[in-house]
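Asker: Structure incoming, see below.
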Amino acid sequence: MCGIWALFGSDECLSVQCLSAMKIAHRGPDAFRFENVNRFTNCCFGFHRLSVVDQLYGMQPIRVKKFPYLWLCYNGEIYNFKQLQKQFGFEYQTLVDGEVILHLYNRGGIEQTACMLDGVFAFILLDTANRKVFLGRDTYGVRPLFKVLTDDGFLGVCSEAKGLTDLKHSTSLCPKVEPFLPGHYEVLDLKPSGKVASVELVKFHSYKDEPLHAAYDTVENLPSGFDLETVKSNIRILFENAVRKRLMTHRRIGCLLSGGLDSSLVAAVLLKLMKEANINYPLQTFAIGMENSPDILAARKVATHIGSEHHEVIFNSEEGIQALEEVIFSLETYDITTVRASVGMYLVSKYIRKKTDSVVIFSGEGSDELTQGYIYFHKAPSPEEAAEESERLLKELYLFDVLRADRTTAAHGLELRVPFLDHRFTSYYLSLPAELRIPKNGIEKYLLRQSFEDSNLLPKEILWRPKEAFSDGITSVKKSWFSILQDYIDQQVDDYLLEKAAEKYPFNTPKTKESYYYREIFEKHYSGQSSWLPHFWMPRWIEATDPSARTLKHYKSAAQE
């Protein structure tokens, strides 16, 4: 995890423009660098570093003697860089995993480069010999990337939108900042003036397709066929492999633990593999919630079962409410469910940074979307429609859960790792027949739970614990977090303001006081940028007026049982 920033064809003084890059300093607290590009005096790179690998030669932009015309700034981890080195005989100059991008590009061009990378990444690659600029982002957008491109060819690129919103440019008072699409790379021509022109935007990976790099994976070909025992075995093998490859770091590993199925599975497999790899420090796990919240109690049970060094972060409603503005500023969104869920994650990340030396943090993000974990999947009209909805959610992860997970941890200089979004694991899971993946017997994620039933990794009551939304699980069943927020906000927003909301905010008009309150904070920091959120996250197939699972009939009946 780090912060990348670059400008091409700036009309303004670069030393003034570079101040914008300091807005993402939280992403890389260990070091920073600005570097102008030789012979292109109006082009530069900015980099904020969190040193996770190669403490000595890990600064960016990365340049190696073999390719003096290539410049690379990237944010992420490439888990298969050693396999690719072995396969193609690459001679690395550094220990930095991202160096492989330079070698792949030199060997086969940008398309093969993007397709061969097993990991999470956002990159800016400059080829001054051929006068090309390339941008790329991983399949699910686990690593963020934003860009601004004006009509006259001024390009700005940054890990977070806040590093681009105040850029100055002669022909545009407020250039349009937009997220770079996940699973795509873009080719741009670099003109002698330093300006650029977009040539093409290419989608390089579809979720269902097994990625090209699977041919060089450490896991050999898996048995085919859809009989249940084979499928369960393959799920276990691929998930363990997803966690194992993410052990790649020179910094201490920790794990978020809500006590739900996803984070508990990650923590249990992680601890098992750390022991196998002879990592000689205990795994720290972190749970957050109010006193006696369901998550705190369940996480405690898991930590005792797996034997982690467990930390409980207890917060009260006042602390959560006070954090709202910081959270929305970090997130760059006003989506209701994202803001609610981010408060707990933001506060636990703050604790990890201040009180521990864990830097690389594992988490269960992506599982709900992949394995149909949301409670509304019980109402899917058919297995096929459930499968389509799962793919839609994965496609939009970068706007919601993945955005939340990145910004709340990056705000405190932590690097998040999400094994459920491993390319190989997700493409296999999505290739399974639709009827295998739906909720069964009133239980969501049935197949995933079944796959680990005989592993003894988790207590049975955790393995089969019903879905609890993170933003709800951190508070008691009697008083949900969303109710606490709404009670507070009801006093802050006048009825008259909500009545006039459509006039003030015609796009994504707030329908509730809570939504209005979040929008006001967002506009204070990012005025006129509401299009970053195309629509609010809401459950499908049901008459829902609130995104909280606790408002759904299925949750209420399950809680009563």
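Any Cβ shown, glycine's included, is placed from N, Cα and C.
Found this in TrEMBL, in case it helps:
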- Cys2: active site, for GATase activity (ACT_SITE)
- Asp97: L-glutamine binding site (BINDING)
- Leu256, Ile288, Ser363, Gly364: ATP binding site (BINDING)
- 2-191: domain 'Glutamine amidotransferase type-2' (DOMAIN)
- Glu365: site 'Important for beta-aspartyl-AMP intermediate formation' (SITE)
Asker: Please give the greatest C-alpha separation between any two of the ATP-binding residues Leu256, Ile288, Ser363, Gly364, in angstrom, as a whole number.
Answerer: 15
Asker: Spatial neighbours of Asp97 (L-glutamine binding site) among the recorded positions Cys2, Leu256, Ile288, Ser363, Glu365, defined as Cα within 10 A: which are they?
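Answerer: Near Asp97 (L-glutamine binding site), where near means Cα within 10 Å, there are no recorded positions at all.
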Asker: Mind giving me a neighbour count for Glu365 (site 'Important for beta-aspartyl-AMP intermediate formation')? Other Cβ atoms within 10 Å of its Cβ, every protein chain shown.
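Answerer: Other Cβ atoms found within 10 Å: 27.
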Asker: I'm trying to understand the geometry here, so how far is the Cα atom of Glu365 (site 'Important for beta-aspartyl-AMP intermediate formation') from the Cα atom of the residue listed as 'active site, for GATase activity', in Å to the nearest whole number?
Answerer: 19
Asker: What's the number of neighbouring CB atoms sitting within 10 A of the CB on Asp97 (L-glutamine binding site)?
Answerer: 25
Asker: What does the structure give for the C-alpha distance between Leu256 (ATP binding site) and Cys2 (active site, for GATase activity)? Integer Å is fine.
Answerer: 20
Asker: Could you give the Cα-Cα distance between the residue listed as 'active site, for GATase activity' and Ser363 (ATP binding site), in whole Å?
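Answerer: Here the two Cα atoms are 18 Å apart.
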Asker: Return the count of C-beta atoms lying within 10 angstroms of the C-beta of Ser363 (ATP binding site), excluding that atom itself.
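Answerer: By my count, 24.
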Asker: Summarise the model's confidence over the domain 'Glutamine amidotransferase type-2' (2-191) as a mean pLDDT value.
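Answerer: In the predicted model, the domain 'Glutamine amidotransferase type-2' (2-191) has a mean pLDDT of 91.
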